[in-house]
Amino acid sequence: MSGTSKESLGHGGLPGLGKACLTTMDKKLNMLNEKVDQLLHFQEDVTEKLQSMCRDMGHLERGLHRLEASRAPGPGGTDGVLRVDTQAGWPEVLELVRAMQQDAAQHGARLEALFRMVAAVDRAIALVGATFQKSKVADFLMQGRVPWRRGSPGDSPEENKERVEEEGAKPKHVLSASGVQSDAREPGEESQKADVLEGTVERLPPIRASGLGADPAQAVVSPGQGDGVPGPAQAFPGHLPLPTKGEAKAPETPSENLRTGLELAPAPGRVSVVSPSLEVAPGAGQGASSSRPDPEPLEEGTRLTPGPGPQCPGPPGLPAQARAAHSGGETPPRISIHIQEMGTPGEMLVTGRGSLGPTLTTDAPAAAQPGKQGPPGTGRCHQAPGTEPGEQTPEGARELSLLQESSSPGGVKAEEEQRAGAEPGTRPSLARSDDNDHKVGALGLQQGKSPGVGNPEPEQDCAARAPVRAEAVRRTPPGAEAGSMVLDDSPAPPAPFEHRLVSVKETSISAGYEVCQHEVLGGGRFGQVHRCTEKSTGLPLAAKIIKVKSAKDREDVKNEINIMNQLSHVNLIQLYDAFESKHSCTLVMEYVDGGELFDRITDEKYHLTELDVVLFTRQICEGVHYLHQHYILHLDLKPENILCVNQTGHQIKIIDFGLARRYKPREKLKVNFGTPEFLAPEVVNYEFVSFPTDMWSVGVITYMLLSGLSPFLGETDAETMNFIVNCSWDFDADTFEGLSEEAKDFVSRLLVKEESCRMSATQCLKHEWLNNLPAKALRSKTRLKSQLLLQKYIAQRKWKKHFYVVTAANRLRKFPTCP
C-alpha cells in the first residue's frame, strides 16, 4: 500500500515541474527574439551606412576618373606641334594685352576727369540754385532792371533833382548798381574780399560797447586817440560831411533823421535784414540820402541796401594814413547779411556771419561823446545814396541770416568776453519785444545801453564785421558740402495701422474695400495680389486673393493667418483683415510700393554697392531674428518674397508666410516644398528642418545681392538640387574681386552643409560685416542719414542750452542791483 501511494505521488509531481520549465523556456525565447530584432535593426543601419559609403565611393571614383581624363595628355605628335604654335603666338598676345591695358588706363583716366568735371558742375549748379531760389536778386538779373534805382512815389521832384545832382558829383571809383548785380553772381570773390578786410581790421580802434561785437583781441587802439574816440579833426576816408539841409531838418523831423542810418529803426523787437547779394564794400559819397522821407513802410522790418555799402561819416580832416588803414584801398563789392534790432536805446547791429556790434540811436545827446564835435546824427553808419527802403528782402535771406548766426560756435563766448570789457558807465538792459524775444535772445541780441550814454565809436562797427564774416565762412561744418551721397540707414517705417488679431470673415470683401482688379501688384502659385483701398478711411492696402480647391488649402490659409497674427515687426508685412468665400480666401495686408528686392538685383540701372548690401542684409537678419524668437520658420525666403518700402531707400519687409511653420522642439518637422534655387540641403534630402534652414536661404540671398549671381543655379532643377546636396559653390572671381573679406566670411559661414555649423540670426547681427557702419561709410565716401540726424539733434540741444543760459541771464538783469 505504501509503495503504490509513493509511486502515484511521484507521477503527480512531474507535470508541475514541466510547466515551470516551459515558462522559463518561453521567457528565454522572448528575450532571444528581442535580441534578434535588435540585431536586425542594427544590421539595417549598418547596411544603410554601407550603401551610403558605396555611393560616396562611387562619386569619388567618378571624380578621380574625371581628374585623370582632364590630366591625360593628347597624342604625342600633335601635342608637340600645338605647343610650338601656342608658344610662337604668346608674345603677340602679350603685346596686345599690354596695349589694351594701356588704352583702358588712358580711357579710365579720361572718364575719371570727366566725372570730376561733371560733379563739380553739378555742385555749382546746386549751389547757385539754392542761393537764388527764393532771392529777389534772381528776378533782378532775369528782368534786367534795378528796382532800387527807381524813385519812391513819395519823393518830391525837388528831392529827386537833388539826388540826381548828388549822384552826378560822385567820384569815379564809386560802383554803380549794375556793377553790384554783376558781382553778386560770383560767390568765389567773397572769401578773398573778406581776407583783405581781415588784414586791415587790426589797425582799427576797438569797439567799446555793452553788446556783442568783434573779438576785442583783433582791434588795437591807435596812439593819439584817447579812449578810442577820434578827435574833432578826424574823419573816415571817402565820407562826405552831412549836407546842411539835413542838419537843418534833423531837430525838426526825427523820423527823417532816422534815414541817416544804415537801417531804418522799426518797432521794438523787429529785425531788419540786408540781402547778402546787395551790400558792397565802403566807398565814397555817402551823405546824399540823409534827409529823404519814407513813404513806404517796411514789411517785417526788412530792407535791401544796394550800391556802396554802409559808411561811417564823421568830422572831416582824417589823414591819409588813417584812410588807408580803414579802407585798405579800393575794395571791390562784398556780400554780407545784416540783422538789426531796434528795441532798446542802444541798437544792436548783427551781421549774418556772426559779428555783433552796437549802433547809436539818433536821440542820444551829443554831450555823451566828449572830445567829438560834429552835426547831430553822425554817430551812425549812413546809408548809400539811391537806396530804396521799400524794397524787401526775400524770406529765405532772413532764414539764412539766422541760420548762419546760429552756426557760429564762438557766439556765446564772445558775448561773455564783450560783457566783461564793457565800459563802467554802461549797463546792459533787457530788450522788450513780443514774439521775437526768444529768437533774438538766443543769439544775445537783447542788450542795449542805458539812456543818456552814447556809443563812443559806432563807425568802427562797419569795418570790424568783415574778418568775423570770413572766419564764419571757414567754419562751415563738414556736413554742408554739396555732392556727398547720403544713404538712408533708418529702420523701415511701421505699418500705417496698429497691430491687430485678425479672424476670417465670411462676407464679401467688396463690402468694406474697393479692390482694383486692373492693378496687379504680384502673383504666384497661390493667386494674385491687387491694390485695394478701405472705403471708410481711404487707407491704401494690398489684397492677396488665394484660390482654394480643398479643405487642405483652407487650412493652409488659416495657418498663414495665425502666423501673421503673431508678427509685429517693422521688417515683416502686417495683416489688416481676412475674408473667406466659396472659391477663394482674401488677405488684406499692408501696402508698400518699392517693388521686389529681386528687381533691384536684376535692374541694370541700379548699381548695388557693398554698403547697400550691408543695409539690406542687416534688415533681413533682423526680420528673421524676430521670426525665430517666436519659433516660426519662414521656409521660403528669397528675393521675390522681400519687398522694398520705396524705390530708392534701403528699407525692406518680408512677405509671403504661406509656407511658414510653427517650430516645436519636440516634434520633427519635414517639408518638401519651396523654390529649388534657395532650398537647404536638409529640405532636398527630406530631413528635419529647423532655424538653420532659413539661415541657408539668407546666405543665398546675400550671395545674390553681392554678385548678382545664384550660387547653386544649374541648367535643370535636378542639377540645382545636386549642387545644393553636395554644397558645391565658390566665389566668382570677377564679381567678388573688389569685395571685402568680411563679406566673403559672412557668406561662407552661412552656406555650410552641416546645420549646426551655420550662423544663427543673432550671430549674423553680431558679425563684423553688419556692424560699424559709420566706418564703412567713411571708407566708401558716403554719409549715413542717421549720422546727419544725430548731428542735427546735437546742434539743436547745444543751441537750446545756450538759449536757456542767455534767457536766464537776461531775466536776472531785470532785478535792480543794490547801490
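In case you wondered, yes, glycine gets a Cβ from its N, Cα and C as well.
Taken verbatim from Swiss-Prot:
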- 146-460: region 'Disordered' (REGION)
- Ser152: phosphoserine (MOD_RES)
- 158-170: compositional bias 'Basic and acidic residues' (COMPBIAS)
- 183-196: compositional bias 'Basic and acidic residues' (COMPBIAS)
- 307-318: compositional bias 'Pro residues' (COMPBIAS)
- Ser355: phosphoserine (MOD_RES)
- Ser401: phosphoserine (MOD_RES)
- Ser408: phosphoserine (MOD_RES)
- 515-770: domain 'Protein kinase' (DOMAIN)
- Leu521, Gly522, Gly523, Gly524, Arg525, Phe526, Gly527, Gln528, Val529, Lys544: ATP binding site (BINDING)
- Asp636: active site, proton acceptor (ACT_SITE)
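Leu521 (ATP binding site) sits 19 Å from the residue listed as 'active site, proton acceptor', taking the CA atoms of both as reference points. Between the C-alpha atoms of Gly527 (ATP binding site) and Asp636 (active site, proton acceptor), the distance comes to 16 Å. Following the DSSP three-state reduction, the secondary structure of Val529 (ATP binding site) is strand.
Excluding Leu521, Gly522, Gly523, Gly524, Arg525, Phe526, Gly527, Gln528, Val529, Lys544, which define the ATP site, the same chain contributes Ile545, Ile546 within 8 Å (Cβ to the Cβ centroid), listed in sequence order. The binding-site residues Gly523, Arg525, Val529 include none with a CA atom within 10 A of the CA of Asp636 (active site, proton acceptor). Taking all protein chains in view, 19 other C-beta atoms sit within 10 angstroms of the C-beta of Leu521 (ATP binding site). Local packing around the Cβ, expressed as the count of other Cβ atoms within 10 angstroms, is greatest for Gly527 among the binding-site residues Gly523, Gly527. Within the set of recorded positions (Arg525, Asp636), the lowest number of other Cβ atoms found within 10 Å of a Cβ is recorded at Arg525. According to DSSP, Leu521 (ATP binding site) is assigned to a strand segment.
For the binding site of ATP, formed by Leu521, Gly522, Gly523, Gly524, Arg525, Phe526, Gly527, Gln528, Val529, Lys544 according to the record, the largest Cα to Cα distance is 14 Å, rounded to a whole number. Looking only at the domain 'Protein kinase' (515-770), the predicted model's pLDDT averages out at 91.
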